[in-house]
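Note sheet for the following structure.
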Amino acid sequence: MADLEVYKNLSPEKVERCMSVMQSGTQMIKLKRGTKGLVRLFYLDEHRTRLRWRPSRKSEKAKILIDSIYKVTEGRQSEIFHRQAEGSFDPSCCFTIYHGNHMESLDLITSNPEEARTWITGLKYLMAGISDEDSLAKRQRTHDQWVKQTFEEADKNGDGLLNIEEIHQLMHKLNVNLPRRKVRQMFQEADTDENQGTLTFEEFCVFYKMMSLRRDLYLLLLSYSDKKDHLTVEELAQFLKVEQKMSNVTTDYCLDIIRKFEVSEENKAKNVLGIEGFTNFMRSPACDIFNPLHHEVYQDMDQPLCNYYIASSHNTYLTGDQLLSQSKVDMYARVLQEGCRCVEVDCWDGPDGEPVVHHGYTLTSKILFRDVVETINKHAFVKNEFPVILSIENHCSVQQQKKIAQYLKGIFQDKLDLSSIDTGETKQLPSPQSLKGKILVKGKKLPYHLGDDAEEGEVSDEDSADEIEDECKFKLHYNNGTTEHQVESFIKKKLESLLKESQIRDKEDPDTFTVRALLKATHEGLNVHLKQHSDVKESGKKSHGRSLMTNFGKHKKTTKSQCKSYSTDDEEDAQQNPGKEISPLYRLGRRRKTMKLCRELSDLVVYTNSVAAQDIVDDGTTGNVLSFSETRAHQVAQQKSEQFMIYNQKQLTRIYPSAYRIDSSNFNPLPYWNAGCQLVALNYQSEGRMMQLNRAKFKTNGNCGYVLKPQQMCKGTFNPLSGDPLPANPKKQLILKVISGQQLPKPPDSMFGDRGEIIDPFVEVEIIGLPVDCCKDQTRVVDDNGFNPVWEETLTFTVHMPEIALVRFLVWDHDPIGRDFVGQRTVTFSSLVPGYRHVYLEGLTEASIFVHITINEIYGKWSPLILNPSYTILHFLGATKNRQLQGLKGLFNKNPRHSSSENSSHYVRKRSIGDRILRRTASAPAKGRKKNKMGLQEMVEIKDSVSEPARDQDGVLRRTTRSLQVRPISMPVDKSFFGALSLPVSETGKDTEGKENSLVQI
């Protein structure tokens, strides 16, 4: 955001003039795709936090948060503006606001250039102020905005006052279940002005503070203040040392806390911290669950690249699904500034000799390669200077390859110069520290046996360049006698046949996503797409780059083009034996495709040479990047986990989503991180559980995009699938006391919105890491209280490898027929801080959980009888028997399956004074429901060969009572199984399902 710096120093007069114009409102034309412009009144709200417009049929959606604005561009730069005829609008009256996770554009046209300049200046000033905030200032600002917005939304008649009935309605919206008598009493205490019976905003703030008084925090303060209503400097220091486990607590540090957080001037003068100041401090970023030191780079950055997990994006340019969505250069700017360090560029021949970027054989739109490179160059090192890996998927002719190399060298210049990088004589990859400010080109390299004078040569084309399956491709052949309508009808029929075919494929596919659902979604999306483009067809315009094809066949014939030549052994075999069915895995393993590569582009690849599994030669060299689809990587990680880990100690591995994820859904990255894979590429445009895990993984270490792998993964080896992978290492015990919740909203998809019932919340805590560590536990349910529910329940977890574990907090609304998701927050185990902490839910302004965290070390060999007394000898004997069965049969399974467990410890923490005071209260009634505990296997589905126990909607085993356990199993791997990395051609073990442990209820 370097271009915003100048806006921080605007004169106060200019700022106020801009704000005044924006808050008064300006009539502008709003351009929309496929429709004429709409005249609307745009204005900035009085808090300067939202841009709004009217009239609108969806008034609640007619707003853009200033926080969500990514950038503001002047002139006719957006795609929608480019579709307008030249001369339609004066460019000096045009500007575009990009906002949201999907880089949506709001394209506006003012009546004169001065108005456009005022809005651009004002918006950039607001954005500059937000970018310059520290975490404490942002927390205070968002809190103040939330209180003001809450007041305004409760003020139904817009008179600036709230009566008692409006307050009662607000209580229901905020999930507060208080007696009406109590609400009226607080209302009367806050109503102090002459206008009795209503609350002004200032009076509402007093009412809200009374309503928000935290009993848990008040009792905690009393326990350290000798039952006074404030803490002295000495008492505050004692609290920080004993409960918060802080060292080097000085008097000056405590005085600084009082100065920042105490609201009473009288208390400030006495150097004491009252309950309101203590509450402010406890809710500040200083007491967040995430270690504040981890907001900066703190790990050793001088190790080889292969020793780091690297934040990676798949098909970075796409804004939505893989078949129909828009490609935008701004997606590169967005992901780079989010901390992503490996971006993907799919290059294809374009018109006029200009290479373009898009998803080949699909209906996705095209963008110029030159624009992509310029965007990357501008944004690569804005947030941090650690190297960016440019994953080039090259589908171009030699002529346009030379143009690609020309743009890379001309735009990146010395960012590509790696001649000064010293890797020593150890043949190791360079470190992120030594590569600061550099861009690494990942792509194919000409073989060494070709002389330096060879201008071009043949290279393998065996990695993710051909990630899309043949039956999903829109081929580029277009017969003269074929109308566009016929082609569209053909595609529809083909997709319908794929829907039927996918019902069979689902049973064979090892992944957890449903192919049928994805294809159905794509089918519906295609209908919408074709409808939107009907006007283009009628006008006779050619849709550039979107000509569709009649060859939509499943088995590809051998083809030759200007830039590629293919040789596919198994397909020739299929032609000679028409009745023979070739398995997809067989084809994937056998086919050999080659392409021509020019010397100029090859020479830009230094440390990141793209190779396929078939091309690996263990000659001691480094600098190869092995590319795997998730399907193949899944099998390798399951069958050859230790060998895979050893390979990743010297080389880089990139994992990309399956071709069938055409809705841009994401796979679970954990199994591949567990195997030491560095570049696990996800679809950044798709929000959901997997991207939340990815964000949490890389938020630590300053969100720089590089996270150091555990030392055990960098040297030596272990079996990540084992029930006790590191028996010689101490384990961590997490004792997590879930105390209370604050301002938990109704579920986002609540049928009746704010008018729905007050929620019945409970908290679920999930450990995600090695299979043996994956587990869940949850609190009881609190009835009718989302505003300040109290649980005070302790959950205990044992973690074998905390360095890669994630801790996920989820809040659910219990419902008689299920549960509704309220919010979540995921944090790396290594970033947890002990003591009393608030867990703010991601994307929700005020919603939080109050917890106490204790982390202990457990030494000695793992034993279920020692770590969890509820294990009986019957459990132990049953585990031994079934482990033997797993050792014999699981080795040969096509998809070996393993279970995992969560183990409680016998260790009992000595309770502090605060713990003893924070006891169960009548404000948290328990639901007549027992606590559940579950073993979670993130990597593969758990299957019981004896009986099918109850599963939840995610397919995860749940216990019905405390005595019901899911026991751990180690997976023996035969030494002789460690052959080459390439997969076996034949498929074995289809009928040899390994028996799993049956659940034993005591």
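Just so it is clear, glycine is given a Cβ too, placed from its N, Cα and C backbone atoms.
Annotations in TrEMBL come from automatic prediction, not curation.
Copied over from TrEMBL, here are the features:
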DOMAIN    20-128  domain 'PH'
DOMAIN    142-177  domain 'EF-hand'
DOMAIN    178-214  domain 'EF-hand'
REGION    531-583  region 'Disordered'
COMPBIAS  532-541  compositional bias 'Basic and acidic residues'
DOMAIN    601-713  domain 'PI-PLC Y-box'
DOMAIN    715-843  domain 'C2'
Subject >> Averaged pLDDT score, the domain 'EF-hand' (142-177) >> reply: 83
Subject >> Annotated stretches the domain 'C2' (715-843) and the domain 'PH' (20-128) touching (3 or more Cβ pairs under 8 Å) >> reply: no
**OP:** Please indicate, using numbers and ranges, the residues of the same chain that are 6 or more beyond the domain 'EF-hand' (142-177) and have a C-beta under 8 Å from a C-beta there.
**Re:** 47, 49, 183-184, 187, 195, 197-201, 204-205, 207-208, 211, 743-746, 754-755, 758-759, 784-788, 845-846
**OP:** Over the span of the domain 'PH' (20-128), count residues by DSSP class, listing helix, strand and coil in order.
**Re:** 31 helix, 43 strand, 35 coil
Subject >> DSSP-assigned states of the domain 'PI-PLC Y-box' (601-713) in counts, ordered helix, strand, coil >> reply: 44 helix, 21 strand, 48 coil
